[in-house]
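As structure tokens, the structure follows; a few thoughts come after it.
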């Protein structure tokens, strides 16, 4: 019987990145380099955490060409002019919070014991106001009514032709045209009262047994997405609290199956359209590079495993009490990508200051056409719904930094990344290009067998060595790189003297591997621990090999 990773009780401090390069080079050659308790023999993955910093974007990187094919093989040999940043005016200027200088000197302690929960009295991360140049207008209301685009669902168009009449606005910030997209607030202030009923035109809450996951609601400030923005007499729309509860109950009732038909899906297409529109607007109002503060919990790939996502919420806490950062790969491969991405987007709309999502390599039109999400949308709803989600994917942030110490990304690092401002200046919405910085952040992998940047056998981006990781951490003064992108047996796996960790949050991935799932918890004191999800019992167990996803 395989040894459970939860039996590990290994507390350690990640070395400070101020170590000089000479000593780092010497340590690399010592035999003890590969003796870490969870050191990978093959590439591994890791993810990101939340906090948003402040900067003024004067330029942005032009959008790249669309990724022609997710699995397209390229020689990965870039000409020097391919690495140049093309300046352009960025319409989405962001500001970043003022960091706490007292936290800069903290070491990053990691506890690999199982499921160390954060205190329920944890406070929300500090986030500072950010002004954004936008063609949208803010609806000044007292009950968080969000209006939809003026055009009809049948006329759904590309992102460039969107025309929003209003976007998410809290009652306390609506009086200012430069209101913040992320406000500092204590979690203790989020006391919810019983849910308000959904307006006409939306499905009522399911009659199935209530979910075991709490969904605190507020009758004072319900978040209501209005279907017809210019018709004030119409009350037709979607209550986000009702939408979340509906999804939680669907998961509890276990009625979601791969063969689910359109008539069984609990949302109308126009309701999904509303969710996508407003989530997209929130993402565009937040930076491409998030700068976050602890406490926070980081989740790796979930890949449409909706019931396992619910297990994560039960284990690590609901978003009303817990700050979250998801590292990408929400769809494809799993049976219930629609429920998974809808629940995450609903949480983003409801808890936009405390719930963060990064882009993974599967948040792409080409990849989702190959690995299941497109087919699921077409089978259960329509291809138009798939297009709505793709337009949201194109606005997702690319990376996050937690308290100046932890760099979070879906895939890995890039040889083209010389300054964090390069990430900040990436203009969104954007497709994933065939090569370059954006592609590397979402597709690259670590490889213990190489000594420098090498071709990736995925046919996209690069692989990088331990030396590349250590150099990256030293240059940017990071103590840890956290990413996902690859299934690992214990749910987490270290690389490069524990300066790099992969986390994967889909246990028993695809129903074929007996892997654990993991969530990384970071406290205010920068103590890190892993909360583990045991794989469900399998009739035919397969030996797990590190698999790129």
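Positions of Cβ are set from backbone N, Cα and C atoms, glycine also.
Residues 301, 303 are given by Swiss-Prot as Mn(2+) 1 binders; from 321, 329, that same site also lists 329. Per Swiss-Prot, the stretch carrying the note region 'Disordered' among 189-219, 220-250 is 189-219. Site annotation (Swiss-Prot): Mn(2+) 2 is bound by 329, 361, 410, and the candidate from 485, 514 recorded at this site is 485.
Put simply, residue 329 (Mn(2+) 1 binding site) is 5 Å from residue 362 (active site, proton donor) when counted between their Cα atoms. Recorded residues residue 301 (Mn(2+) 1 binding site) and residue 361 (Mn(2+) 2 binding site) have their alpha carbons 10 Å apart, per Cα-Cα distance.
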